[in-house]
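Over in TrEMBL, the protein carries these features:
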- 101-113: compositional bias 'Low complexity' (COMPBIAS)
- 125-241: domain 'Ig-like' (DOMAIN)
- 327-401: domain 'Ig-like' (DOMAIN)
- 415-554: domain 'Ig-like' (DOMAIN)
- 608-720: domain 'Ig-like' (DOMAIN)
- 729-828: domain 'Fibronectin type-III' (DOMAIN)
- 829-924: domain 'Fibronectin type-III' (DOMAIN)
- 928-1016: domain 'Ig-like' (DOMAIN)
- 1025-1120: domain 'Fibronectin type-III' (DOMAIN)
- 1138-1226: domain 'Ig-like' (DOMAIN)
- 1-32: region 'Disordered' (REGION)
- 101-143: region 'Disordered' (REGION)
């Protein structure tokens, strides 16, 4: 299992890097570096400040070699230096020590604090030291490195803190925590693992925490923290190991601080911390490392993106230990496995003995077979299958066979967190509270909220609040304003959801408007209205003048109801009354009519009289009542005797009621519709007849007639009553067209307008999967066609419409058919004519540049004759084609046609791509022409047995006749295969032979016009051996050879010869000359006294000849008679008396357990060793065993008893002397074990 990082490949600019050096005070030191490119610009720094040549610094550059020399070193020169080339920066140190007479003083460390700290029950963040604080003199000094061990009991909490200095960073850095090599712990966040982050505005330090809650044994492993910001990167590695009930944390400290200098290199990090990307994802990096020398480890790790060098070395060491061949296992477990939570995994090993039993352990505990753990044995294979893996299965597993075992580590990866319930669009009024809610697949998962692409965070004003409730996540916006409009997005590591928020100014709705009043003297007039907001105040006006409260006039405001009450109405109270809500640009008006009742004293025979000023059937005399309100007709009448009153609607009399009032009989006739039972009331007062209908309805509209009669006469009056209502809902809206984020919707007006003109429409939309309708306009829209915008492409919507008149808003219309906003594609590009014949044309084009959210359904090809109307386009085929080329057939010869192509998707056709000019349908005569490839214009050379496949394109219309011939003779099918098409010809020879060499002629002919081409084919083979190799001359240590060229040169030129020699004793051949061009040579530097034979191979383009030409006779190199006299040397005396380099140590052992005494001795020749106990020789006693290996002497005492205690002595003797060493051995009886 070898995952590879996926970062961009970044390579070092240095071939050789300067290393840390140590020098004495007063001396000089030189740091050297080599760049990959000779023209690279190199800059040297000390403590992040540039160094210029001069004074004590000498900077030299020679090609790609660069050096920095520091003269007369002092203690102040002990700093951190750096060399920069391109984007690579290498740091190194100069350590200054005092002269030998003075004790060396260790230089100050560059960083005094580890940036990753384990805590137990962590303190508040304020108690943590700020990242980037240094106690040493050098700001860019590397952090102190070393392993620290911290012990924690299982079940306790551990917090790892990483602090990042952000003074030089423009954006917030990104921090990731990993377990093992590549497991991102962000997906593991939950009950036992929490990730937090804070920011200190004063110190500009980000603090990132990883808290492990109730640590368990399976939390052990290697961890890594990575911090990145644009092109800056750093990382830190630490190990978490379990020993018994304690946790040991090994920390490899790392400084996450970037430089705060203002120069151009501020914030640069060491190149060794940058991630790399492997060029080949199938490369086994560990296999490469295991076979490479140690000096190449860093280079290989750099190339393949391994940043944890220490972890890499540990794993290599472990791998090399495991390279010992196992007797029990033929194939062991892989080093690590990874599985997704809920899936199953199978661990497999191959054992040497198919009958052997194996044990499986998990974190050291034996696993018993259950429904989740299944053991299988198939031949030599042993399997452990884990079903439905959970986080508890993330552990170390071991397979044991006898005394041998192999281990692995299983990482359980949680599936990505997906969004189960999406956000919904919302429209709210200004000042309201907004809650955007979504539901994810995992409890406690981390989500990120964004507004218009910008991440939302908690701020000091608490504008945004984030709430978690199990799987639900809520974004709360308090006191919404116009600035909060926009698209809000919630993101998880497995998906995202977006919704739109619209904030509108509050519209004040009028639930009940004030109505016109007609009152008489001394009566009470009450104007009453009801609005939607109970907090809205208002002002009453009479004829434009504000009304003030007094003894007769009372103004009240209770909840949503506003009242103006006028007691004992007077004639001067008549006028237009208006209520104006504070802060809103509209008003409510009504008229107060004063009815003056004149009382005349008439004789008893007074004819009846109706006193009305609104009689008649004109629009000015019409009484208008809103549906649902009370209709009250108050008719003043006079007459003596008391007149009879008859109410009719039309000509129909429904009911006559007789009442007695003050001794007078008044007769009323009321007309009731069939559905108004219980709603009609008739009241009477002296001189008045009041007709009331509770909750007026549409059918109550009409002409009401009142007739009064008495013996003196009669009087009649008509009252026109009009009932107005909200309109009926509009017809079902129709989606006319859709765009990328918009649609055009149209609808028909309502069948009934409610008795008042339609002043506009209100539209709403919603997503198909949502339940919330969002209003698109607050002001009535006057037309019946509307373009809705700001929709999300690819999401299904539906629309509905409300009609609005002066009375109010209708019910909503039925919802439209669902639609998806999607834009048509852009037009196809590159439309051109590929071919034309007498009845067809071939067109080609390329895909549109912009496809959009909807899939491309296909292309439509159309044509029309030149000069025809622009709308007379004829489809070339029925339906669409998914290809980017088409042959349009069955055309009329000689027609001049224009062609166009349109791309289709869900939104319809795109803009057309049209040919620049019409095309005439006619076969075009084209001369035959052979396009001979460049490679065939020279001799084509192939080896015997190779395959020849020659493809030669040509052109010509109509289809030309193709003829192949070789050396003037037609080709037979048995000699070579020929395949022809309309545009090319292929000559194919499956297995070449020497006879296939020669000239091949190709002829392409149309009627009397032709074109020819020739191809030279040369089939080559290995040459034959040279001939007549002979020895021409011999002198000294030299031999002259001569030979003739081979008879068979393999059908190609002989490029040289290979001359070899061999000693006749060993007959091992050695090459003397390679690629030797001549046919004679001199072999020199032969050894005298040896006898040699020679052979020669011929060489051509294919290779060496199969057989050499060898000399028949051998050559003996005569000796010259010079006698060698070796020099004489005085032999050195290496003898040395025995001396014990490590003495025996006094021991105290327990009886019954083997004991050993060890010492080491040196001496030349090897001394004889004798062991004594209490000065008695014990060499031949069976109880003791003496061992000696490489000068280490061991005396093993088998199961000593108390009598074996005493003084033991070891004596070593050789010819140069002797030496002894002794020790005391105490043997203690074993203590009795305690019971109870």
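All positions are counted from 1 along the displayed chain.
Quick reminder: no glycine exception, Cβ is built from N, Cα and C everywhere.
For the domain 'Ig-like' (125-241), the mean pLDDT of the prediction comes to 69. For the domain 'Fibronectin type-III' (1025-1120), the DSSP counts in helix, strand and coil order read 0 helix, 53 strand, 43 coil.
For the domain 'Ig-like' (928-1016), the DSSP-based tally of helix, strand and coil residues reads 7 helix, 52 strand, 30 coil. The residues of the domain 'Ig-like' (415-554), classed with DSSP into helix (H, G, I), strand (E, B) and coil, number 3 helix, 72 strand, 65 coil. The DSSP breakdown of the domain 'Ig-like' (327-401) into helical (H, G, I), extended (E, B) and coil residues amounts to 3 helix, 39 strand, 33 coil.
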